[in-house]
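Here's the structure we're looking at; comments come further down.
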Amino acid sequence: MRRREGVPGRNPERAWNNWERLIQKALRSEELKFSVAGGDDLGGVVPTSLGQESSNINLILQVAEEIQRDNPHVARILCEYAYTMAQKLDPQSEGRGVLQFKTGLMSVIRQKQSKKEGERIDRSHDILQIQRFYEDYRSRNMIDELEKLQQQRGRRLSEDPNEAQRRAQTMKKVYQISKVLNDVLNSLTRDSTEEEKDKLISKETKATMESAAAKTAEFKPFNILPLETPGVSDTILLIDEVRAAALTLSYYDELPRLPESAYKAGLQRDVDIFDLLEYIFGFQIGNVNNQREHLILLLSNSQSAFGPPSRGSEVDGDAVKRCYDRLLDNYNKWCQYLRITAVTESAAGDSHKMVLLTAMYLLIWGEAANLRFLPECLCYIFHHMVKELYGLLGNANAQRSMNYVEGSDCPFLDKIVTPLYSVIAAEAANTQDGKASHAAWRNYDDFNEYFWSPRCLESLSWPWRPDAGFMMKPNTKKMKGGVNAVPGRKKEKKVGKMTFVEHRTGFHVYHSFHRLWIFFTVMLQGMMIFAFCDEKFTPNTFKKMLSVGPTFVIMKLIQSLLDIFFIYGAYASTQGWTFSRIFARLAWFGGLSGSITWLFVKMIQEENTGTGSTWYHLYLIVLGSYTGAQVVVTLLMRIPFFRRQADKCGDWAIIRFIMWVHQDRYFVGRGLYERTRDYAGYSAFWIFVLACKFSFSYYFQVRALVSPTKTIVLQRFEYKWHDFVSRNNHNALTIGALWAPVILIYYLDTQVWYTVVSAIVGGLDGARARLGEIRTLSMLRKRFSSFPEAFATNLVSSRLGRGEKNPGSSPAQVNWSMQKVQAVKFAPMWNEIINCLREEDYIGKKERELLVMPKNQGSGTLVQWPLFLLANKVYLAVEMAQDAKLLNQTQLWEKICKDEYMAYAIEEAYKLFEEVLKSLVREDVSQIWVKGVFNDVGAGIQESALVGHFYLKKVDSVLARVTDLTQLLEREETDKLRSQVVLAMQNLYESVMNDFFTTELRERIEEFRALKDARIENKLFINLTWPTTDREKENVKRLHLLLTIKESAANIPRNLEARRRMEFFANSLFMDMPKPPSVQRMLSFSVFTPYYAEDVLYSKDKLTEENEDGISILFYLQKIFPDEWKNFLERQGLTNALMERQMEDKKNDCQELRLWASYRGQTLARTVRGMMYYKKALILQSLLEGTSDVEEGGVLGTTLEESPGYRMASAIAETKFTYVVTCQIYGQQKERREDQAKDILYLMNKYDSLRIAYVDIVDKMQEDKETKEYKSIKEYYSKLIKADADGKDQEIYSIKLPGQFKLGEGKPENQNQAIVFTRGDACQTIDMNQDNYFEEAFKMRNLLEEFNSTDSLRRPTILGIREHVFTGSVSSLAWFMSQQETSFVTLGQRVLARPLKVRMHYGHPDVFDRIFHITRGGISKASRTINISEDIYAGFNSTLRQGNITHHEYIQVGKGRDVGLNQIAMFEAKVSSGNGEQILSRDVFRLGQLFDFFRMFSFFYTSVGYYITTLMTTLVVYAFLYGKVYLALSGMDRQLQDFADINNNKALESALNTQFLLQIGVFTAIPMIMNFILEQGVLKAVISFLTMQLQLCSVFFTFSLGTKTHFFGRTVLHGDNYRLYSRSHFNKALEISMLLITYLSYGEDNRGVSYILLSFSSWFMALSWLFAPYIFNPAGFEWQKTVEDFDDWTNWLFYKGGIGVKDNESWESWWESEQEHIRTLRGRFWEIVLSLRFFFFQYGVVYSLQVSGTSTSLSIYGYSWLAFFIMIVLFQIFTFTNKSSVKFQLFLRLFQGGLFLALIASIAVTIAFTSLSVGDCFAMLLVFIPTGWGVLSICQALRPILEPLGAWNAVRSGFRLYDAMMGAVIFTPIAILSWFPFVSTFQTRLVFNQAFSRGLEISLILAGNRPNAST
């Protein structure tokens, strides 16, 4: 609050009275009944609607809370001051949450007041209280002394970092309190004169307070670099690269001078170029500060790659150019594409100007908000702003830009960003929440692609022309004058869609991949011609083969027509040259197809008449000429070598013309070719696949159908029904029924061959990469001795090399062996990994002791290995030594050395024993005996006389005495223990001398006089030296463990996850990976996690809350992870009983328990912990490699934080790694005081490097210019926060957004608003269902080096990473999904990356080249609906923009997946719908068009093609069954019985077999099996596969097939979202069942084995679709649950819907939502067309009835419809329930009863006296079911017509009846099976087999904690 000058003569009582009146009025208000949750803690709940002052009020309340205990009176004054501020900001309490805040605050004030009600407060006393408190508070905190110490010590590395931090925090707190108290005093004395102020406040105190308040600026919150916080002593600013980068941004002489007003008061740094740009263009302060730090870190990390800069100098020019080139690369390409002069040309060679332009681009990008999705739009803005900047740089004094808006807080945002944003927002609002057609609105791509045309420079000009057609909003057809119209300018039409329109139609499948379909069609045609010509290649055959020419050009003509169709809606916006190309191609192919077809017809006519060969030769010339031209163009455009040559000649007119004709010219998609070697690789792959495919297709499909087809064509058959088509057309429909499934299989089986071949190639490539070499604990143990060398080779930076000595090494270390040196480097890293496993509770305390590796710091060459390798080895060696068969020492040692770890154990035990004894007796006369013993033993070893000179059979006695001794020495020294140790030494002496030594050796030692005297005087071992140093204690402990561990450690660790992690890490050490640079020189990176409202930490209540079965989350976790629960209790020092008592204590929040549980779920806490391992690993690597001036081997402390050099190592890690979580609604969660906000704050305090980005929504009152009334508006701010020292969150940056940020899909928009806060060269995208492992974090340096790889034509832009699905052990379904997912993210993506070169971005955790992607639209796309699978588009975009995506498997992260069938189905439905949208997108079209032929194949079959072939797999079943039913009902089935080659046809059998194998997931399982073999071994692979089959994985995969088919197909046709199983599975299953029953009833080969073989796969599919949800549902066959489910279902079925009734509550609501996809004319058309198939049943069956006889008259079919309508009328009569019938119920019942009896009688009479049979009646009832469904489906599509007619209720009733019948069909078998208890038991075993295999008691879990569980 600003101070006001004192006015003479005014009384200070006025201010006090005003304040008093305001407070008392509020206290007397009736609204003060509100009680704020949390008592006095009001900090952090100040409503944002109070504007920017809310942060100041929040600070005041925090200070009040801080000083509450010290002085409640002053705390009360501060609360009153906060209330006064809030009242002035919003007097009427109109803002959101203001009234509640004020009311709660006044409740707190009332509680703090000590006076009586109505008593007046003495404000002068308040002023005195504040002064006294401040003076006392300052004195108590010794601020004067701290300030002196701060000035003296400065920012020195030698200073204790903890002490410096404590001092800074104390000073910051005091200064903040000073500022708040100073503001309060100013407010209380605002109306006082200077004299009155002097009387009230001491001048000295006032001056001190103001000085301290001013120093708060020295402690401004910062992100990574404390650039404006001189009060903070941070080591990061001591890094040479950071200081040089900051210096590079300095203001230099050539720049214009800034006016004095531009220097902000209290600025704690030097003015730099960012201040200049902020002054000229009006960028936001938050954006400027953010990008300043961003650029400094970019420059410093760029410099680190070139080595450290000279002290005091700027960043090297090469480092500046590296950043400059990468950030402006896309801009330069844009200028080159538009053929305009780039503004960057003048900056060449000028480092200062390059830095200035780089800063300019970053500032534009940082404030562009949603415009960041338009990378070329940003290029346009940058281009014009730099041109304007150049014009202003020539001035002596800095001047504002012409776009600067005076009086605006955000001039750049308001003038540049907001106008275009408002247009985008208007278009987004036109999407109707995603339901509108894509063609009806412009998406982000349309806006961006406008800037691909030079006309953007002409039309938009600079600044934006508001009357430009591009800037017109929806429904604005033309500017008609007014404020936005520009006089004299031609009026423009609104710019619509650009270059492509996403029409929702299945023709996209052909349009995008027409080359594939043309190729397959032409090949099928050729094979059929060859086969029908008796497989003889004669001239006649050749002529027929030439028919492929017309086929080819006609299909190309269709493609040209589709080109025109798919830009319908963009004609007005399409450029002229694009139109010219499209119509030129249409004219060309139209003329060509006509001429070639005409010539071919003429050639055939000529051949038939035998008149010559003129037309034949002419046809050959035309076709040959076209083919030759096509080959030449293909070579130029598709073959990499020739394409490069063509690009070099790109300026030639002929080359440009050919390229223009061949493919459209886009800014993206240019140069989509690979190296010749890569091209040869994937071409060879596909040549082999296609060779297999066509060989199979010809011999088992085409050739097998030739003879049956000829037979059918030549025969004349009689049909049972009224035939319309086949009789006079060579039985065309019969041939179609025979060929349809075969042709469908022909088009889809390439997917099968691809799957098989890719599995083989992927397996071989994985084996070459050495995957699976270490896959068991025994393998790990055998290879452990080679780990240090592999570690030194792959994970130690080149700074230290592999085995070189660090200059700081000690003399003893120089004599170390290479293995010893490597072990010293390896041990700290290995031990930290083991410690991490212990902290994560995967191993116990004892296991940790066995797994850790000694530091190996002692002298000598012996390497000390972990005890789990050496356990039991000493005792085994002793047994060998006692073997009487061993004759000499050599034989004994050879036998021991067969186990290398046994030899290590013996050597180490001997060395340790010697060291322990010598240190123990170093001050005792007995040292003579010790030296003599070891000298004699050593001599015996040297002379190989150990067996002869010592009694080795007695060595176990000696070891027993040694064990007794070490057991005593492990304990703390006492007099009693000392005497026991003396006795133990004496016993050891006796054992050695009498049992172990020979008589000769014993006598020689006893000859020592001193030893003899000491023994006689009983002084032997009296002066022992107790182990005191850490090394001595460690030696005693290790020796004791070596000698006492008798059991084998072969199963250590016992936890399966710990084993898996150790095995993978060990295996990865031997894989090829780039050599890592030092931490100082590595690439920097960020981790980026989007978060919405998922679980952060499990709350205590949530953990203990029981479900209906009495099972809590905690109980479940305890049973699923019993060993980890045991380890957790051990780590906490608790028992189960103590833990239960803690949980019962309501005051105990059980934080450690919550963390333990959360780390085993899919929570944000788990993800954050995993990602923060990166920083820990970097710090450890920095310490170990000497970057922190620590000796080699890492002189580490007990913890990393206690290690010397930790401060610098941590600072270096901060510059290399940042972690940002985009908690989109954190502000709202915090305002509502939700648990998620508290838990997020907890994570920020736990991890100091964690940053939270969120969107803050501020309600603001604004005056309407027209009505002069105030209205509430929302302002949006993108904010970055971190935790402060007091545990509160503090704002670092705040950047205002132009409006609602979520215009498209939520996740990419969330990522976009926060990506400006990320740092580094790379960015790893991590979802919050993922985890990371500490040991894997060590390899991040290696992975980032892949960005510098030159193994491909282009450097990588996305690095793919292997994933491990950690949810696979929960259930069988989870296991199926985890294995399927694992095979895709490993073997599948391995093949996609190499050799196919089509790997995209399939989600997380890929690592992006961050600079590449932020300058090209970001890491995902966000347009509504079309980008529903937002992640995949990042891969598309990267590839189209000449990126390169690779895959790497030496590093992994964890990932969670859905574990229940519902969740899995929802996920697959979303993915399938996403692929349906992809097929409509321009990205897929361009990739399909611009890839070369074989790469196009790869892309198709690994993306949308997979879902297309999945859809076709289901269509095969329909084609086969409808074909078979057609043959049966038409009578052809019986007539074809005489033709064995038709009935026993191999083609049909192969088609059915292929379909069935696809259906049950066999081909899906092939990659899984190969992955099993590769990573688990052959035996485990076989066992795993068989286990999956026994667990009915085929049922699951069949069910999954239905999910993918339904939602992919519906999305392409209708754009439907995903729902559960009724329409996707149950309806289709019943239709298939109906077909099978019809075929069984009327087919000829419908009995016995023949029917079973033909229909097995179809029955399997139908039953799987019907009952899989129950098979895989826990307790799905439990009787009581079945009864409850049936009750719930009936209630749901008959409960009427209404407004607000959800789908899961009412059948009517659900049914209404199921019709949402039928909302367009196209949707209604396809619904009607597809529904016509249901009438086929009735048409066929009616002619097969006994009553029909042999008649084929159409009247019979008409009579059947009459019977159908009679049934409908009868149904309406018998179900009549109108309210008016209440008055004549008796009559109605009598009428219904009489009618029923009459109906029965009439049917009986008809059966008795006519040819109608009972079977006919049942058959008609059966066929009326599909007929009724077809009628209802058509009525559903005709709803707009039927609803006004009042017929809609009847339609709804019909659908309800069908769903009731379907429910009965499903529930009946479920109820029968549920009645048998063993079925439920078997199902439980089936579903939870994976858990049973881990030894878990699932029955106990299912019983839960219920006391009556046993009953």
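One-based numbering along the chain as shown.
Note that Cβ sites are derived from N, Cα and C of the backbone, with glycine treated the same way.
Automatic, uncurated: that is what TrEMBL annotation is.
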According to TrEMBL, which of these ranges is transmembrane segment: 740-762, 1499-1521? 1499-1521
Among 513-532, 583-604, 1499-1521, 1786-1812, which stretch has the highest count of C-beta pairs below 8 Å with the transmembrane segment (1581-1601)? 1499-1521
Same chain, outside the transmembrane segment (616-637) by at least 6, Cβ under 8 Å from its Cβ: which residues? 543, 546, 549, 553, 592, 595-596, 599-600, 602-603, 606-607, 643, 646, 655, 658-659, 662-663, 1493
Contact call for the transmembrane segment (1818-1838) against the transmembrane segment (1756-1774), three or more Cβ pairs under 8 Å: yes
Other same-chain positions with a Cβ less than 8 Å from the transmembrane segment (679-700) and lying at least 6 residues past its termini are 523-524, 527, 531, 639-640, 673, 746, 749-750, 753-754, 757, 761, 1394-1397, 1492, 1494-1495, 1497-1498, 1546-1547, 1550
DSSP on the domain '1,3-beta-glucan synthase component FKS1-like' (352-465): how many residues come out helix, how many strand, how many coil? 76 helix, 1 strand, 37 coil
